[in-house]
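Contents: one structure, followed by commentary.
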Amino acid sequence: MLKRYSATPAAASATGGAGERGQVAGPATGSGSSTHVSEAARQAVFAPATAEQVTEAAAQVVSGRLPSWLRGSLLLNGCGDFRGMQHLFDGYACLSRVRLDGQDNRAWVSQRFLDTDAYRSYRTTGRLKYREFGTPAGTPAGPQPESSLLLRLLRSVFNTAYGVVVTLTGRQGFSDNASVTLTALPSGQLLALSEPTAATYLVDPNTLAATHHVVYGNKGGSARDSSGSGSSGGGSGSSKGRPAAPEAGAAGVEVAVAGGAGAVRSASSGRLQVFRVVDDMVHSDIQTAHIKPIPDGRLVNFSRSLPFGGYHVYVQDPASLRRTQIAFIRDRDPLAPCWVHDMAVTRTHLVVVEAPLHMNLTALMVGSSRQYVFMDWRPEAGTRVHVIALDGSRVVTHTAPALFTFHFSNAFERPSASSPGATELCVDFSVYDDPAILNDLSLKEMMDMPGKDISPSRLRRLTMPLRDAAGKPAGPARLDAPAPLLRDESAYGNFVEFPAFNTKFAGLPYRYCYSTAAVRPTNMGNALAVHDLQEGTSRLWHSPGGMPAEPCFVPRPGSSDEADGVVLAAVVGADGGSSVVVLEGGSLQELARVKLPVTVPYRFHGTFVQQK
């Protein structure tokens, strides 16, 4: 059982944020000035341009000791260059690697920008070639001299007309800025993703260098690439949404083709390669960045084409990256598809929770703003919940009250609590009342000191029927609103993001969930939490003035105890210094802290790869 308690933190060392110890906190409220993320931390996290550390540099274990069994690399993805950007989701991909050797109690760090077409163009021209999430294409990287009203009007008219023309003619390009997730593949390489399908890269885990830009095509067409110099403007090309492919060897690009067999290899020449995946999938513009493993070793995800599309749900071979569609779900509004960031997976089913947040394609084309960035909220439509059998045999769509979410924890199937002999499916996730969090994450709001409190989100469970007592699959149902999982939601500051768990329990009933949390008042997540779902309690770790990133649970090898392991998280301290904390899995007691010689910017997601 986890109990909340207060602990006096150890005295901060002279190194400030990188050397001070966090504390296991009591109630998730504080005195105000001690709860807000410091100005120095904000400046470090959202630095105009993060410094690279291409060659591995030694880091220092400044407190405690690494567990002797902890040997491997914490690999992180996120944004590292926010010049000219308007939203947290806009910065260019920068990868971080913290290598830990518990036997010798040593650590090293490296950091590198991902070599994408979007980032190369940005460095060369000083402007955004493609629209990022909240920043229109053409936006300059820095302040510009004041121009005349006529010039501003002409520029606005041109940008609007250009956006409409390239979209209607099928020449609209999407950014290849793969800044969101990293997935370890059996080949040893990493798959870096963001939401545009073009934002798919293979990465060497040792050097953090992109080795291949993955582009998809089908047997009736060809895969197109945006890595070369052949595209211009917003990313022109001969196929809808696909910038023109360079010739082999052009602009430092080599081409490799896979028809669905064999693993992709690293580029022996050191040059970025195009890895063309030929499969039976239709062309798509966007995907989720949260590709998920399933029990048979394959991956599952969905892609979408805009407009007049829907969800193309597929399983993917992790070696060849070839995709096979298992289901198609039409958009409820083909001209305004819903935005879905993540999904949940059990051992046999995929669950897509479709909140009524609709993309405004006109705003997306011309760079204008809507109530929530480029999207509209239609709560009266409610939420659709799609349950897809991983064998492709069945799709059931339920309805639920309106809600918004980014991320999911675990999902699993169990005997029904209300219908003896039946089976139900449970999905645990971070739930918001509405999408106001999207506006909270504008850089203007996040840099504001002290700013308004961040929108609440709560750890909830959505339960739906799966099979009746006779084993017959359940049909569509009207679901109740997601139910609370914890007795006192104020214990974690009514804020849960980046939920994580021991992946040995993926798709199975589980007890512990880890997340970022809030010690309020604060306008961003500033704590870590472990939630005991059996006891309904939460425990926090908080370093005053600092900001932790997503928690990553690393289980002790060979242990069957769910909480036997450590939680790793990158932290920017109150002084702006960066570190990685190592916390005990059940209590969040700080076991060790690794001070990093480089500033690690805002991190979204990552993974831990054990040393073999």
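Cβ atoms are placed via backbone N, Cα and C, with glycine included.
HIS290 (Fe cation binding site) carries neither a helix nor a strand DSSP state and counts as coil. The feature Fe cation binding site is assigned by TrEMBL to HIS290, HIS341, HIS407, HIS605.
The compositional bias 'Low complexity' annotation in TrEMBL covers 1-15.
According to TrEMBL, the feature region 'Disordered' maps to 1-39 (among others).
Marked as region 'Disordered' by TrEMBL: 219-247 (among others).
Sequence-distant contacts of HIS605 (Fe cation binding site), defined by Cβ-Cβ distance under 8 angstroms and a gap of at least six in the same chain, are LEU76, ASN77, GLY78, VAL180, THR181, LEU182, ALA289, PHE498, GLU550.
Take the mean position of the Cβ atoms of HIS290, HIS341, HIS407, HIS605, the recorded Fe cation site; other residues of that chain with a Cβ within 8 Å of it are VAL180, THR181, THR288, ALA289, ASP342, PHE406, PHE408, PHE498, PHE604. According to DSSP, HIS341 (Fe cation binding site) is assigned to coil rather than to any helix or strand. Other C-beta atoms found within 10 angstroms of the C-beta of HIS341 (Fe cation binding site) number 18, with every protein chain shown included. Around HIS407 (Fe cation binding site), taking its Cβ as the centre, 20 other Cβ atoms fall within 10 Å, counting all chains.
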